[in-house]
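Listed in TrEMBL for this protein:
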- 58-139: domain 'GHMP kinase N-terminal' (DOMAIN)
- Pro86, Leu87, Ala88, Arg89, Gly90, Leu91, Gly92, Ser93, Ser94, Ala95, Ser96: ATP binding site (BINDING)
- 201-274: domain 'GHMP kinase C-terminal' (DOMAIN)
Amino acid sequence: MKSFKISVPASSANIGPGFDSMGLAVNLYLTLEVTESEEWEFYSHSSPSNRTNYKEHFIYKIAKQTAERHHKQLTPCKVVETSDIPLARGLGSSASAIIAGIELANQVCDLSLTSEAKLRYGTEIEGHPDNIAPALYGGLVISIVTEDEIDWIQMPTLDVDVILYIPNVELKTDEARNVLPDSYSRNDATSASGISNIVVASLLSGNYKLAGKMMERDIFHEPYRANLIPNFNKIRNESKKYGVYGTVISGAGPTMLSFAPKGSGQSVVEQMQDLLGNYQVKLLEMDVQGLTVK
Ligand SMILES: Nc1ncnc2c1ncn2[C@@H]1O[C@H](COP(=O)(O)OP(=O)(O)O)[C@@H](O)[C@H]1O
Ligand SMILES: N[C@@H](CCOP(=O)(O)O)C(=O)O
């Protein structure tokens, strides 16, 4: 086995009304450096100086499960994990870890998985494809599972600055899904899908002002989650004063995301960081590569 390095970007799902179907890859990365070894060694970013119990590690478990699907066993290796994706903040850390685990098995066991197979395995584990697809393909991806098939489409690169407001508290995705209704009235469903359609069409046509307005009109999840998100109204209202197009919950939260006119992002970051002392306010780039193996 040769040495290799797996890199997977973070992702911000939903972009407002694209609930469970839209996600944007951003330039924060989980990496695994993998080398041959006589026995398993797993060093994790959460305890960089310590060897972790690899059998209990989420990424190892995903890799093992993937290998077993193909009736193979993982051969031992040394894995050094590093990551700048914060956990449980709405930046798709679990999806990135799942894709990393699938790719680890793919490389170690020579599974020759297609990207469609990785998307399918990842989506089965995560439950929805909106983080998995951009983590795999990069960019802004719309994806949906219907009749046991996953269809996806990558949007053209957006000409916007992307700002993230990352608080120092966690919110588990499961918890933020538990507050959502089981069903929606026909009226709400019609409005919510119409709003989502306008967001996609306006992003495609470069009408970012309209996109930002409609991103903030989500009916599927934001009204139910707003109370779980620290400073939801403050971030949305104050960022607007600095000219952003629109601000939404990133994934299930508690991070929020703004799209801003290209070139204006740094000044928005500086002003908003002053207001949000204990947050990390970041200007990020869209990642366009997705999963890479070198
Ligand atoms: N690199 C990782 N290593 C181990 N576990 C991880 C890793 N990334 C994510 N996880 C698991 O996923 C959980 C976060 O997933 P989730 O609640 O869906 O939030 P998010 O995906 O928005 O970060 C973590 O608490 C942890 O259990
Ligand atoms: N569509 C999902 C996305 C969850 O993303 P995460 O980054 O919070 O895991 C949802 O909104 O529940």
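In case you wondered, yes, glycine gets a Cβ from its N, Cα and C as well.
According to DSSP, Ser96 (ATP binding site) is assigned to a helical segment. Residues Ala10, Ile85, Asn131, Gly251 surround the recorded ATP site, their Cβ atoms falling within 8 Å of the Cβ centroid of Pro86, Leu87, Ala88, Arg89, Gly90, Leu91, Gly92, Ser93, Ser94, Ala95, Ser96, which are themselves excluded. The binding-site residues examined here are Pro86, Gly90, Gly92; by Cβ neighbour count within 10 Å, the least packed of them is Pro86. Close contacts with ligand 1, defined as a Cβ under 6 Å from any of its atoms, occur at Ala88, Gly92, Ser94 among the binding-site residues Pro86, Ala88, Gly92, Ser94. Summarising the environment of Ser94 (ATP binding site), the number of other Cβ atoms within 10 Å of its Cβ, over all protein chains shown, is 22.
Break the domain 'GHMP kinase C-terminal' (201-274) down by DSSP state and the numbers are 40 helix, 10 strand, 24 coil.
Model confidence over the domain 'GHMP kinase N-terminal' (58-139) is summarised by a mean pLDDT of 97.
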